[in-house]
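Shown next, in structure tokens, is the structure this report addresses.
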Amino acid sequence: MDIPSRTNCNGSKYPCFLFYIKGELSLQHYFHPSKTSAINMFIPIFFILSFLFSSTNAADFCVGDLNGPVGPAGYSCKKTVTVNDFVYSGLAATGNTSNLIKAAVTPAFSAQFPGVNGLGISIARLDLAVGGVIPMHIHPGASEVLVVIQGTICAGFISSANKVYFKSLNKGDIMVFPQGLLHFQINAGKTQSLAFVSFSSPDPGLQILDFALFANDLPTDIIEETTFLDAAQIKKLKGVLGGTG
């Protein structure tokens with residue numbers, strides 16, 4: 001198509017453009033204000049419709065192939081899919097809280113529930129025995145929403161400005177924890193607590209602060225210098241959490 005040339009068409013007071021294909025006139029349009037307004041309305045509608053029709057061939061889902069490779073974007077897509085790939089019953093049972101923190105997290109992430117692979121969502125069950133606690137931790141890949149089903153849970157997070165937001169939550173209460181911020185949950189009642197937590201990623205990731213400091217081989221003197229804890233306390237925590245050094 002040649003570059004349009006501006007001219008007066010048929011003596012009109014409005015400018016027009018002549019479009020030529022292979023030297024022959026193919027379209028002539030007067031830029032009358034009313035016509036221009038109609039075009040301005042049509043263009044966004046055209047692009048929206050084009051997007052919708054072009055998206056009809058896009059994949060509706062990508063059920064994870066747990067036997068295939070996994071990368072930053074998740075699992076590769078499973079070739080043969082059934083309804084069972086979109087159903088998961090693993091959150092029905094109470095988690096085992098007979099442990100150091102008296103708590104259990106039962107995940108339904110892409111590794112356990114491949115139907116959420118690529119959908120930007122996941123969920124987990126949180127069981128807290130009396131005195132149970134989920135220590136300070138972060139989810140580097142997702143924000144979190146917690147809903148209390150049973151009992152009372154004290155939950156909170158610390159912003160990047162070191163401001164603390166915490167509250168005791170009862171049955172039916174919901175709290176959100178922004179992505180990447182330190183947060184915690186504690187059973188603040190005298191009975192077992194139950195909550196469900198949803199995430200904005202099929203694989204939110206997890207790093208527990210206490211384990212990051214004391215459950216590995218980071219030397220005691222480095223922890224002492226960077227946390228202001230005394231060596232005896234650090235070694236005690238390392239002993240409890242299985243750390244060395």
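Including glycine, each Cβ sits where the backbone N, Cα and C put it.
Automated prediction, rather than curation, is the source of TrEMBL annotations.
Between Cys77 and the candidates Cys16, Cys62, TrEMBL records a disulfide bond only with Cys62. Apart from His137, His139, Glu144, His183, the residues listed for Mn(2+), the same chain places the Cβ atoms of Ile138, Phe157, Phe177, Leu181, Leu182, Pro204, Leu206 within 8 Å of the centroid of those Cβ atoms. With Cys62 (disulfide bond) as the anchor, the candidate binding-site residues are His137, His139, His183, and the one with the nearest CA is His139. The least crowded of the binding-site residues His137, His139, His183, judged by other CB atoms within 10 A of its own CB, is His137. For His183 (Mn(2+) binding site) paired with Cys77 (disulfide bond), the C-alpha to C-alpha distance reads 33 Å.
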